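Features as listed in TrEMBL:
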REPEAT    9-42  repeat 'ANK'
REPEAT    43-76  repeat 'ANK'
REPEAT    80-110  repeat 'ANK'
REPEAT    111-133  repeat 'ANK'
REPEAT    145-178  repeat 'ANK'
REPEAT    179-201  repeat 'ANK'
REPEAT    213-235  repeat 'ANK'
REPEAT    281-314  repeat 'ANK'
REPEAT    315-337  repeat 'ANK'
REPEAT    349-382  repeat 'ANK'
REPEAT    383-405  repeat 'ANK'
Amino acid sequence: MYELENYLSNFSPLLVAAWEGETERVKNILDENEADLNVKDTYGDTPLHLASANGHLDTIKYLTNDKNADVNVKNSVHCTPLHMAAQNGHLETVKYLIDEKGADFTAENVYGQNPLHFAAANGHLDVVKYLIDVKNSAFDAKDSYHSTPLHLAAWNGNLNVIKYLMDRKGAKVNVKNKFDTTPLHLAAQNGYLDTVEYLINVREADLTDKDIDGNNPLLLAAQNGHLDIVKFLIDVKKADIDVMNIYSCNSVLLASANGHLHTVKYLVDEKNMDYNVRNRFHSTPLHFAAMNGHLDTVKYLIDVKGAEVNVKNMYGFTPLHLASNKGHLDTVKYLVEEKNVNINLKSIDFSTPMHLAAQGGHLDILRYLIDVKGADSNAKNVFGSTPLHFAAQNGHLDTVQYLVDETQAKRL
């Protein structure tokens, strides 16, 4: 409630009145104060946009009939009042704007999306049916990314809309957008098991289809930690567990990279997938988990599965290098203090974890490595660069100052 009040506090009185559907107040402001009918908020929304977004039909009728407000007025992203009404499922408002005021139901915003896209994305089946069945809006209209209403419905798991579009209108189950993404990809990515089951079991969606990055539904589900979908695809539909994307990442690597420990455990413990698998850069699940600071996954891979703590990728980076570079102090401390990882480990160009911490401007990690663990702040790689060089090159002033002070102190 506070956020809404704070949001409305930046509105003009007319915008607030329209948002709240206070028609008499809107009349008073316009008639007595000669306020601008088309005053806009920070998003370019007019009073008609806001009244339409909330389905305040009396206010809408006053603005359009008495004040001749433009029903096709566009905000900063070219959404019309009809977009707003469709997005929020206000069918009577949608009908009024189209049937009585002639609003353009084919109008597109800057992303090429019309009101049907908005209604489908938000699961408003009655609005979807009206636009398609009554107004003949194209059920397979593509936006700027070539996504159809079916894509957007699948993205949000709106199964009622999906079934209507496919069962009643004949929408194609494996339709792809410009990223080669199908509705099944989107449902799996966002965790809608019922939608995934319907698309595969009823509509026979292709579970081997890959998007532009080479990700199939299994990889997307694993990447986003949707264990129920991962299990359904592997245990029920017998999906290929060894599939990789164009970056040579499989489901274990992707789940580890995003810290989805339950998914990692299922894949490794129950499906016997290799926890030391490497991608094309020779990075392992441990590299990814450490780089992204997923300490529970790091501990599982090392303490439970016995992953090598000093494993190097093709650049010679270890998990400690990557955790230092990304600023994950808790992971750094675990590796150094509990697993006795050498703080002076060198990559193929002789860069140490300190170099990478300085590159990322992570002063807390530098202080820990230098002040607490005694690392050499003047360590040089094969190019003669010290952590100070790395910090300066990347514009980290506080890190530069600390390293300069350290260097001066050691000279005294």
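Heads up, the Cβ atoms here are built off N, Cα and C, so glycines get one too.
Note: TrEMBL annotation is automatic and uncurated.
Same-chain residues lying 6 or more positions outside the repeat 'ANK' (213-235) and placing a CB less than 8 Å from one of its CB atoms are 184-185, 187-191, 193, 196-197, 207, 241, 243-247, 249-252, 254-255, 257-260, 262-263, 266-267, 271. Between the repeat 'ANK' (315-337) and the repeat 'ANK' (349-382) there are 3 or more Cβ pairs closer than 8 Å, counting only residues 6 or more apart in sequence, so the two stretches are in contact. Nonlocal intrachain contacts for the repeat 'ANK' (281-314), taken as residues 6+ away from its ends with a CB within less than 8 angstroms of a stretch CB, comprise 248, 252-253, 255-261, 264-265, 268, 275, 320, 322-323, 325-328, 330-331, 334-335, 339, 341-342, 345, 347. Here the repeat 'ANK' (111-133) returns a mean pLDDT of 99 for the predicted model.
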